[in-house]
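Taken from Swiss-Prot, the feature N-linked glycosylation site applies to ASN77, ASN497, ASN609, ASN725. Residues or ranges marked as repeat 'TPR 1' by Swiss-Prot on the basis of sequence analysis: 482-515. Annotation comment: Swiss-Prot describes 550-583 as repeat 'TPR 3'. Taken from Swiss-Prot, the feature repeat 'TPR 4' applies to 584-617. Among the features that Swiss-Prot reports, repeat 'TPR 5' is placed at 618-651, with the record citing sequence analysis. The annotation repeat 'TPR 6' is assigned in Swiss-Prot to 652-685. Feature annotation from Swiss-Prot assigns repeat 'TPR 7' to 686-719; the stated evidence is sequence analysis. The feature topological domain 'Cytoplasmic' is assigned by Swiss-Prot to 1-10, 132-146, 186-198, 246-265, 376-382, 434-441. Look at Swiss-Prot and you will find 32-110, 220-224, 287-354, 404-412, 463-741 tagged as topological domain 'Extracellular'. Annotation source Swiss-Prot lists transmembrane segment at 11-31, 111-131, 147-166, 167-185, 199-219, 225-245, 266-286, 355-375, 383-403, 413-433, 442-462.
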Amino acid sequence: MVELDADLDHIVPSVLPPFWAKLVVGFVSLLCFARSYDGDFVFDDSEAIVNNKDLQSDTPLGDLWHHDFWGSKLSSNTSHKSYRPLTVLTFRINYYLSGGFHPVGFHVVNILLHGSISILMLDVFSVLFGGLQYTGKGQRVHLAPRASLLATLLFAVHPVHTECVAGVVGRADLLCALFFLLSFLGYCQAFKETGNKEGTHSSTFWVLLSIFLGAVAMLCKEQGITVLGLNAVFDILVIGKLDILAAVRKVLHKDKSQENAGMFKNGGLLFRIALLTIGGTSMLYIRWKIMGTGPPAFTEVDNPASFADSMLVRAINYNYYYSLNAWLLLCPWWLCFDWSMGCIPLIKSVGDWRVIALAALWLCLIGLIFQALCSEDSCKRRILTLGLGFLVIPFLPASNLFFRVGFVVAERVLYLPSAGYCVLLTFGFGALSRHTKKKKPVAAIILGILLINALRCVIRSGEWRSEEQLFRSALSVCPLNAKVHYNIGKNLADQGNQTAAIKYYREAVRLNPKYVHAMNNLGNILKERNELQEAEELLSLAVQIQPDFAAAWMNLGIVQNSLKRFEEAEQSYRTAIKHRRKYPDCYYNLGRLYADLNRHVDALNAWRNATVLKPEHSLAWNNMIILLDNTGNLAQAEAVGREALQLIPNDHSLMFSLANVLGKSQKYKESEALFLKAIKANPNVASYHGNLAVLYHRWGHLDSAKKHYEISLQLDPVAVGTKENYSLLRRKLEQTQKKDV
């Protein structure tokens, strides 16, 4: 749009050639988020990446097409139904190239993706602001360079993108956006004017390619399918130049003139729309079939408004959520990793002052829609229509209009809609510049927004580098969010700071009295601190609120076992296994219960079940070896130990246990080798040196025995057994010396 570019002449004074403009955009976009390159895996990264077996070579590649984003089977009732196999495939490639779970490689890919998307945005915005125009050679002319550069810079430095770029799971949104834009630009290629029959075939090819790229975008994230809707809007309103207001007037006045009807007969519009419709319907059908058991089941804490009884309350709150999303685009200062669990209290009546936000949102939207429909300036109509299209259409899957979503507000879903916001903001700056004589204040405002947003990106990227910083940054934004307190507590507990963790877990339970995961974790800490009575109360309440909470049932069983209430403990363990059949840790704890009751066969069976379900379950293997050793079944203990070491060859505790068995079987040489390997792996364990000393003592290697007794006593000076054995050895050495004399 020449007029808009002229309006921005004093704000973006020099016209950069497309190559240099893309270079500037790429550099700025990378610079803003570069700080996150060496961050940890945080928040959802743990489940989607670190704990996702689909990333590892043990899982066949074909399984990716049957699993959700988190690695669960889509057919499972507990699946979130997030079907993003291409995104998971990129994680798997990252894992392979990085040689494991090294986050730097994952983060660098995300940063580069954002840079690539920002560069592509320059071409997209050129179409939105300047329209489509091709040279005689079929190359698209880069129109409205000033407006497209400004809008792209606003997009590149928008802080709301931090979650997508700095959080590795945000790659789903980045890949979706990449193929979304490629699909849109591909659709634009369908309108080259070649003037021959081959041009029709070329047009069909580009439309089909656009649909294919839309399908790829959807396989990265579900939001990708909305590009087909945007392409249809672009075709009808921009290419077809449909004047909606004029069409409505004709319908109201029963005007039968063919002025607007001609557009449906020229340029193959109906054919292209038919292709888009067939493609979109097919994609939706296949997606629904893949989903299997129906839509995912969300809880009230995930999306409280969707569980409200009154349709009016639901509508008010949904619209309030839209206004919050709009505010995050307009003023991205209050950013939070999670907006659920009381972060945004429900609006229950029209008397709530927050209803003003709804009114403000719709006042702005209606004003923009009116301008988009009624303006006599076709360029203005195009910019506003496509700006609103980019803002609204990609947001529709997150709007709760078609199905319930599992969140209240999510910054990641604003990645694509923010492009529409940048279009509208740039258009607004152009209008402001046109109607004011002093251009420098407008330029200063734009420069200020770019610098402040860039600085905010850098700060926010730093907060996403570690879970501790990320969770603590949310306290000032959402102090009523129980999940924020829960995550801070969990992080502190992982660091070993149980006292501080208890404080945050208690606050999480206070804010949400039905927060069973906080109750479970708090109960666990209290159990470890031997505060068994309160631990039992919390865990009992957790399973009462959520009867199928297997982890809470298991932990309740551990507490009951500690309280010597063995029958209740066994029942709790059995209930946990009923709700989670493949639960190796529960079988392990059940085995410990049976061992306490001297039900040795049952204990061995339980531990064997644990190792079948989880072959690397070292504790279960160890307990089997020790129990068989203590009951005199040395041959069986040796067989189990060898089997365990074949599966977990570098486990020093298994080496130690098997070495003890071999020593008792007088296989001294092999026992010595295992003891030495265990000590090499973990040299600071007193019992390793002490038991090796006992082996040497029995074997008659008294000097070696003396050496390892002394090392063991240095590590643990109060070990009674070691002190007694060392005294016996010293007496024996003294007697030997006397005989020699």
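Don't overthink the numbers, they just go from 1 along the chain as shown.
A Cβ is built for glycine as well, from the same backbone N, Cα and C atoms used for every other residue.
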Secondary structure of ASN77 (N-linked glycosylation site) (DSSP, helix/strand/coil): coil
Position of peak Cβ density within 10 Å, selected from the glycosylation sites ASN497, ASN609: ASN609
Residue among glycosylation sites ASN77, ASN725 with least C-beta crowding, 10 angstrom cut-off: ASN77
Pairwise Cα distance for ASN725 (N-linked glycosylation site)/ASN609 (N-linked glycosylation site) [Å, integer]: 38
Seg_contact(the transmembrane segment (413-433), the transmembrane segment (225-245)) with at least 3 CB pairs under 8 angstroms, min sep 6: no
Range from 11-31, 199-219, 225-245 with the greatest count of C-beta pairs under 8 A to the transmembrane segment (111-131): 11-31
ASN609 (N-linked glycosylation site) to ASN77 (N-linked glycosylation site) - Cα separation in whole Å: 25
ASN497 (N-linked glycosylation site) and ASN77 (N-linked glycosylation site), Cα-Cα, nearest whole angstrom: 36
Same-chain residues at least 6 beyond the ends of the transmembrane segment (355-375) whose Cβ lies under 8 Å from its Cβ atoms: 244-245, 316, 319-320, 322-324, 326-327, 347, 381, 384-385, 387-388, 424
Segment-segment contact (the transmembrane segment (442-462); the transmembrane segment (167-185)) at 3 or more Cβ pairs under 8 Å: no
Secondary structure of ASN725 (N-linked glycosylation site) (DSSP, helix/strand/coil): helix
Where ASN497 (N-linked glycosylation site) sits in the secondary structure, as DSSP reduces it to three classes: coil
Reduced DSSP assignment, ASN609 (N-linked glycosylation site): helix
Secondary structure content, the repeat 'TPR 7' (686-719) (per DSSP, counts of residues): 28 helix, 0 strand, 6 coil
Contact set, same chain, for the topological domain 'Extracellular' (220-224): CB under 8 Å, 6 or more residues outside the stretch: 82-84, 86-87, 172-173, 175-176, 178-180, 214, 287, 394, 397-398, 413, 416
